[in-house]
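Working notes, structure below.
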Amino acid sequence: MLTLLTAMYLVVRSASTQRTVEVTLSSTPTLRRRSRKHLRLVALMAEPIRVVVTGAAGQIAYSLLYSIAKGDVFGKDQPIILVLLDIPPMLPVLDGVVMELQDCALPLLREVIPTDEVEVGFKDIDAAILVGSMPRKEGMERKDLLKANVAIFKTQGAALDKYAKKTVKVLVVGNPANTNCLIASKSAPSIPKENFSCLTRLDHNRASSQVAIRCGVSSDKVKNVIIWGNHSSTQYPDVHHAKVDLHGAEMGVYEAVKDEAWLRGDFISTVQLRGAAVIKSRKLSSAMSAAKAICDHMRDIWFGTKEGEFISMGVYAAGNSYGVPEDLIYSFPVQIKNKTWKIVDGLPINDFSRAKMDATAAELVEERDTALDFLSQ
């Protein structure tokens, strides 16, 4: 027992820092308190996790990397090795990103590795955030966009399968995110399908924010909005099950807003078309809000969702209770515990919602079938 120890030395080897820490335990109360503090500090010297971000020279990554490196995503006591993966022409830009990360002097950031090689990028990775994809160019048909991205995510999926840890958590951000996620997963058969998800948290956050603005409350007073389906203009932002804390009283969104026409009209179209509206104003796509949504998504995977709350994620549709075709990555309401997501089952679906859920599923089926044709070529 600690109280019986008088002048004992404890030597701990820290795997993450590769240095020896010597802690003195003493029988005097003051020194015992200090010793316990030192022991807690030793316990916090966790093994670094390896996190890869693709498209790391892009504007979303530029908004994202600082938050990851300073502990906003994986924890304030979790050391990080950041791997920055991009195409060869972007390596000089990556060098600048590395310099900036170093100049931030972030204590949790143990190493930054820039690379254009997937075998380096995905080696022993704990978390993969796949931001990079082929953007749609002027005059490009959707099938051409799908074909280009199938090639990218087939390669990255195969690299994950070969080099990453089998416990890796993979978040696909690059659009078309749902179908890119499906292709990556199919190309990594040794990694559980449940380890793959795509980002619809940005849409979820947009929906929560619109409701909050309408009700005159902060966004944290709104919970359990749902994004169903595809991360596209067919997505369905659903607030039938959402709640608002209005002046200390929790109530349904329909009751709080008291404007069904807005909730079934402009609210939905505003969320569906928000990305295009940002591009029209900024002449660039969403970056700051996308990075925030990525952080929210990955933090919830790592630490779980709050009791009684659910969030939106694009996940495998297998076994869902909502009649969604199973071989899709489809956005559902999910709850997360112990790094494992579970679709929230049994929510009542009215005819209005059913039609919109089916419409976005039909788009995903068409995307999937086109992409799988390219995958087999």
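Every residue, even glycine, has its Cβ placed from backbone N, Cα and C.
As recorded in TrEMBL:
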ACT_SITE  His231  active site, proton acceptor
BINDING   Asp86, Asn149, Val173, Gly174, Asn175  NAD(+) binding site
BINDING   Arg136, Arg142, Asn175, Arg206  substrate binding site
DOMAIN    50-196  domain 'Lactate/malate dehydrogenase N-terminal'
DOMAIN    200-374  domain 'Lactate/malate dehydrogenase C-terminal'
SIGNAL    1-17  signal peptide
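Features as recorded by TrEMBL, highlighted on the structure.
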{"residue": "Asp86", "record": "NAD(+) binding site", "CB count, 10 Å": "23"}
{"residue": "Arg136", "record": "substrate binding site", "CB count, 10 Å": "15"}
{"residue": "Arg142", "record": "substrate binding site", "CB count, 10 Å": "12"}
{"residue": "Asn149", "record": "NAD(+) binding site", "CB count, 10 Å": "24"}
{"residue": "Val173", "record": "NAD(+) binding site", "CB count, 10 Å": "28"}
{"residue": "Gly174", "record": "NAD(+) binding site", "CB count, 10 Å": "25"}
{"residue": "Asn175", "record": "NAD(+) binding site", "CB count, 10 Å": "20"}
{"residue": "Arg206", "record": "substrate binding site", "CB count, 10 Å": "22"}
{"residue": "His231", "record": "active site, proton acceptor", "CB count, 10 Å": "29"}
Report summary line: Across the domain 'Lactate/malate dehydrogenase C-terminal' (200-374), the model's average pLDDT, rounded to a whole number, is 97
Query - Whole-number Å value of the largest CA-CA distance among Asp86, Asn149, Val173, Gly174, Asn175, listed as NAD(+)-binding - result: 16
**Report entry** From Arg136, Arg142, Arg206, His231: recorded positions whose CA lies within 10 A of Asn175 (NAD(+) binding site)
**Finding:** Arg136, His231
Report summary line: Between the C-alpha atoms of Arg206 (substrate binding site) and Gly174 (NAD(+) binding site), the distance in angstrom, to the nearest integer, is 18
Report summary line: Expressed in angstrom and rounded to a whole number, the substrate site built from Arg136, Arg142, Asn175, Arg206 spans a maximum Cα-Cα distance of 25
**Report entry** Nearest of the recorded positions (Arg136, Arg142, His231) to Val173 (NAD(+) binding site) - Cα to Cα
**Finding:** His231
Query raised in the report: Counting each residue once, how many in the domain 'Lactate/malate dehydrogenase N-terminal' (50-196) are helix, strand and coil under DSSP?
Result: 66 helix, 27 strand, 54 coil
Query raised in the report: Nearest to His231 (active site, proton acceptor) by Cα, among Asp86, Arg136, Asn149, Gly174 (binding-site residues)?
Result: Gly174
